[in-house]
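The substrate binding site annotation in Swiss-Prot covers Thr7, Asn8, Asn9, Lys10, Gly11, Lys12, Ser70, Phe152, Gly153, Tyr154, Asp155, Lys175, His180, Arg181. Look at Swiss-Prot and you will find Glu40, Asp69 tagged as Mg(2+) binding site. Among the features that Swiss-Prot reports, active site, proton acceptor is placed at Asp69, with the record citing sequence analysis.
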Amino acid sequence: MKLVLATNNKGKVKELAELLKPCGYQVVSIGEFPGFTEVEEDGNTFADNAIKKALAAAEFTGELALADDSGLEVDALKGAPGVYSARFAGEPKDDTANNAKLLSLLEGVPQDHRTARFRCVIAIAEPNGRIHTAEGSCEGVILRELKGEGGFGYDPLFYVPEYKQTFAELDMEKKNSISHRGKALKKAMEILNRLYIHQEV
C-alpha cells in the first residue's frame, strides 16, 4: 500500500521515509507524480498548511497522503518565525539566509532568553477526503553560532540542553527519537497502523 509524502524537500523525505519504515507502507514522494503543483502554504497555523498539502496530494494521486508543516517558535520573537520558518528571509527558501536573519534578530539577546521550540503537525489524508492529524514539539535554545553538519534548516542553531548538542550534531536515530517530527510521527504511525489494518481486512 502506497503512502505519498506531500513534499519535495529531500531532507524531509529521507527523514520521514526512515521513520515510516516499520509501518509497512511503500513510501513515495509527491515528486514521483509528474504534474503535481506545489501547494501554497498560506495557512495561519501549521495544521492549516499540513491539512491543505495532504488533501491536495491525496486528491491528485488517489493514494493515502501524508504532509507535515513544522517550524521554529522563538519566545524572544513572540513565536516567530512560526509558519514562515521556511521562507523567513524571503523567497526562494534558503536555510543559510534564514539562519543569518534569525541570528541577526537575536543579536544582544541573553542566552536565557533565547528559548525556542520546534513544532510539527502531521496531516494524513485519505483519498476520500478524511483527515487525521498528530502534533509534536521539542524544546531548546538558539545558539549564537552554527554547530554541526547534519540535519537541515535551523538544526545547527537549535541546541537541546538535555543532550548538550544541536539537532545538527545529534545522530539521526537520537534526533528522530526526541524531535518534534519524531514525536508527531510516532502518533501518526498509530493512525497509519489503524488505517493499514483497516485496508487489509
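Any Cβ shown, glycine's included, is placed from N, Cα and C.
Spacing of Asp69 (Mg(2+) binding site) relative to Thr7 (substrate binding site) is 10 Å (Cα to Cα, whole number). Its Cβ placed at the centre, His180 (substrate binding site) has 25 other Cβ atoms within 10 Å.
Each of the binding-site residues Thr7, Asn9, Ser70 was ranked by the number of other C-beta atoms within 10 Å, and first place falls to Ser70.
Cα of Gly153 (substrate binding site) to Cα of Glu40 (Mg(2+) binding site): a distance of 19 Å. Other Cβ atoms within 10 Å of the Cβ of Glu40 (Mg(2+) binding site) number 10 in total over all chains. Between the binding-site residues Gly11, Gly153, Gly153 has the most other Cβ atoms inside 10 Å of its own Cβ, all protein chains included.
Spanning the residues Thr7, Asn8, Asn9, Lys10, Gly11, Lys12, Ser70, Phe152, Gly153, Tyr154, Asp155, Lys175, His180, Arg181 that the record associates with binding substrate, the maximal Cα-Cα distance equals 21 Å.
Counting only the Cα atoms, the space from Thr7 (substrate binding site) to Glu40 (Mg(2+) binding site) is about 12 angstrom.
According to DSSP, Asp69 (Mg(2+) binding site) sits within a strand segment. Cα to Cα, His180 (substrate binding site) and Glu40 (Mg(2+) binding site) are separated by 23 Å. Non-local contacts of Asp155 (substrate binding site) by the CB criterion (under 8 A, 6+ apart in sequence, same chain) comprise Gly148, Thr166, Phe167, Ala168.
A straight line from the CA of Asn9 (substrate binding site) to the CA of Glu40 (Mg(2+) binding site) spans 15 Å. Glu40 (Mg(2+) binding site) sits 20 Å from Gly11 (substrate binding site), taking the C-alpha atoms as the reference points.
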